[in-house]
Amino acid sequence: MNPSVTLPAPAKLNLCLHIVGRRPDGYHELQTAFQLLDYGDELTFSPRSDTDIHLHPAIEGVPLKDNLIWRAAQLLRPRARAYTGVDITLLKRLPMGGGLGGGSSDAATTLLALNQLWDCQYSNKELQTVGLQLGADVPVFVAGHSAWAEGIGEQLVPIELPERWFLVVTPPTPVATGTIFCHKDLTRDTAPITVAAFLERGGKNDCQPLVRELYPEVDKALIWLENFVSNATMSGTGASVFASFESETEAREVQGKTPTDWSSFVARGVNLSPVHDRLFNA
Ligand SMILES: C[C@](O)(CO)[C@H](O)COP(=O)(O)OP(=O)(O)OC[C@H]1O[C@@H](n2ccc(N)nc2=O)[C@H](O)[C@@H]1O
Ligand SMILES: Nc1ncnc2c1ncn2[C@@H]1O[C@H](COP(=O)(O)OP(=O)(O)OP(=O)(O)O)[C@@H](O)[C@H]1O
């Protein structure tokens, strides 16, 4: 690793999200297709001459000890064979509580970067297990490939998806994942399907009807997107909604009409994570 390195922390979309059961500990058993995007946050890691870890800027409303980047660093530190202090600078692009996995991806990029910088010698599979302690969405970002996921999202099978363009629109209504998963009206009994069935026929998002009901802005965003496409879907537990397009031009044309109080971006769906491309394919 170079003295200072800047790495992407890509977003994900859940192309479908089926809830097929609930574990005794309350976590839900899912089937989901994770589509990685070539758009996201960015983290810069600069080794220091002392032993401190500094993270900046702070995220408003998130104490340092709860920041997933900080927590990822603390999990790796005891395993370091070549420990050094590090400045971590975060360029936050992904909306928080947006269903795009921003915090999880920040954590995964931190695990991947510090595993190298500190010579922790974790295999990728071991790093996925470490990451799962931070959140159900972390393993897929550590694994680094678009994937079909089962369990709570940690049993991953890499899949090759067509590299389409996506318009992602986020109304300013953060949705707390825990609130949706705890809700009594959530559909929890979708029959499991095979990955082949998903690749042939697609799927649905079991959280979408409930989130539409609880968060009218998400409902509005889906209705708006449905004016242009037939495949508008919510990612994760929202609040982001998305649609796929054959070309960047088509996606940008619709983006140009997005109401100004909603944030949006256009990105390409990728099979290999941009962070893996940088770290392992250079
Ligand atoms: C909705 C998804 O984003 C789809 O990819 C993920 O399942 C959520 O992943 P995440 O944000 O990393 O979630 P975590 O931080 O692990 O969990 C947040 C809360 O969501 C609930 N949760 C999460 C994942 C899961 N399979 N079942 C759950 O019931 C739990 O109540 C948990 O306390
Ligand atoms: N580095 C971080 N970036 C963003 N959020 C963080 C970070 N560290 C901790 N958090 C906390 O995690 C919560 C969820 O953030 P995140 O951006 O991952 O939401 P999300 O996109 O809805 O995630 P998911 O799709 O995994 O449910 C935030 O509201 C915040 O309190």
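All positions are counted from 1 along the displayed chain.
Note: Cβ is positioned from N, Cα and C throughout, glycine not excepted.
Record features (TrEMBL):
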{"type": "ACT_SITE", "residues": "Lys12", "note": "active site"}
{"type": "DOMAIN", "residues": "67-144", "note": "domain 'GHMP kinase N-terminal'"}
{"type": "BINDING", "residues": "Pro95, Met96, Gly97, Gly98, Gly99, Leu100, Gly101, Gly102, Gly103, Ser104, Ser105", "note": "ATP binding site"}
{"type": "ACT_SITE", "residues": "Asp137", "note": "active site"}
{"type": "DOMAIN", "residues": "198-255", "note": "domain 'GHMP kinase C-terminal'"}
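Applying an 8 A CB threshold to same-chain residues 6+ apart, the list for Asp137 (active site) reads Lys12, Gly101, Ser104, Ser105, Gly153, Gly236. Surrounding the centroid of the Cβ atoms of Pro95, Met96, Gly97, Gly98, Gly99, Leu100, Gly101, Gly102, Gly103, Ser104, Ser105, where the record places ATP, the chain contributes additional residues within 8 Å, namely Ala11, Leu94, Gly236. For the binding-site residues listed here (Pro95, Gly99, Gly101, Gly103), the lowest count of other CB atoms within 10 A around the CB belongs to Pro95. In the three-state DSSP classification, Gly103 (ATP binding site) falls within a helix.
Among the binding-site residues Pro95, Gly97, Gly101, the residues whose Cβ lies under 6 Å from any atom of ligand 2 are, in sequence order, Gly97, Gly101. With a 10 A radius on its CB, Ser105 (ATP binding site) counts 29 other CB atoms from all the protein chains. Proximity of the recorded positions Lys12, Ser105, Asp137 to ligand 1, judged by a Cβ distance under 6 angstroms to any of its atoms, singles out Asp137 in sequence order. Neighbour count (other Cβ atoms within 10 Å of the Cβ, all protein chains): 27 for Lys12 (active site). Neighbour density for Gly97 (ATP binding site): within 10 A of its CB lie 19 other CB atoms from the protein chains shown. Helix, strand and coil content of the domain 'GHMP kinase C-terminal' (198-255), in residues and according to DSSP, is 29 helix, 8 strand, 21 coil.
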